[in-house]
Amino acid sequence: MAKRIDVKDLNIYYGKFHAVADVSLTVLPRSVTAFIGPSGCGKSTVLRSLNRMHEVTPNARVEGVVALDGEDIYGENVDPVGVRRTIGMVFQRPNPFPTMSIRDNVVAGLRLQGVRNKSELDEVAERSLRGANLWNEVKDRLDKPGGGLSGGQQQRLCIARAIAVSPDVLLMDEPCSALDPISTLAIEDLITELKKDYTIVIVTHNMQQAARVSDQTGFFNLEAQGKPGKLIEIDDTEKIFSNPGQKATEDYISGRFG
């Protein structure tokens with residue numbers, strides 16, 4: 001079930017370095033929110049903080065609240081592994097397990113959870129591959145290695161793997177940056193379909209992509225190198241691209257910098 005995300009006064013640090021300052025935003029269920037901004041502005045850092053994935057970096061810490069349907073994911077006794085199961089992540093480059101079969105790639109997370117029933121695993125594999133618009137392309141070669149698929153197919157396989165564990169939210173960190181235009185279009189169409197069932201947050205350097213797929217867009221920027229990134233503005237995507245409220249947003253969208 002898609003869930004709402006509320007971020008309040010979020011500050012992110014890596015050791016003494018203040019990476020992101022004072023971010024507050026809301027992501028509604030069954031919607032797509034895009035984060036845009038120049039390199040190094042903190043948008044991917046914020047994305048990873050939404051499921052505590054940034055904690056794999058030594059000395060990472062946060063201040064503030066990230067709430068999923070009202071429950072702080074940084075609260076006491078909250079298991080980060082459980083958070084990442086509920087809030088899935090799709091990375092910049094497709095990362096299937098290359099020697100593992102297509103079927104086993106999809107159900108790898110379920111196996112880690114202790115699911116062993118073959119009929120259940122097969123059912124989830126088919127449902128997830130259908131959900132990722134990949135089933136018809138691979139149904140006759142499910143036992144072949146996932147690494148043998150094209151780049152676009154591998155990314156959809158990774159999306160199938162993410163949704164197989166029934167998350168409420170999908171985070172996507174530049175999911176099309178390594179793909180050709182045709183594969184990119186397939187992923188964008190898939191994102192539009194997936195938002196019927198999931199809350200989606202995507203980081204993209206492609207502003208046209210943000211305009212095409214998202215319902216709201218947040219623009220991140222930083223004052224100077226070494227300064228923390230900040231959320232400058234977040235609003236309906238149509239408004240951000242047609243009538244932004246901040247000059248910095250307009251300058252970035254119009255290509256004056258970035």
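Keep in mind that glycine also has a Cβ here, set from the backbone N, Cα and C atoms.
The domain 'ABC transporter' annotation in Swiss-Prot covers 5-247. Over the domain 'ABC transporter' (5-247) the predicted model carries a mean pLDDT of 95.
The ATP binding site annotation in Swiss-Prot covers GLY37, PRO38, SER39, GLY40, CYS41, GLY42, LYS43, SER44. In the three-state DSSP assignment, the secondary structure recorded for GLY37 (ATP binding site) is coil.
The ATP site, placed at the center of the C-beta atoms of GLY37, PRO38, SER39, GLY40, CYS41, GLY42, LYS43, SER44, has further neighbours from the same chain whose C-beta lies within 8 angstroms: THR45, PHE220, ASN221, LEU222, GLY229. SER39 (ATP binding site) has a Cβ environment of 8 other Cβ atoms inside 10 Å. In the three-state DSSP scheme, LYS43 (ATP binding site) is classed as helix. Summary: among the binding-site residues (GLY37, PRO38), the fewest other C-beta atoms within 10 A of the C-beta are counted at PRO38.
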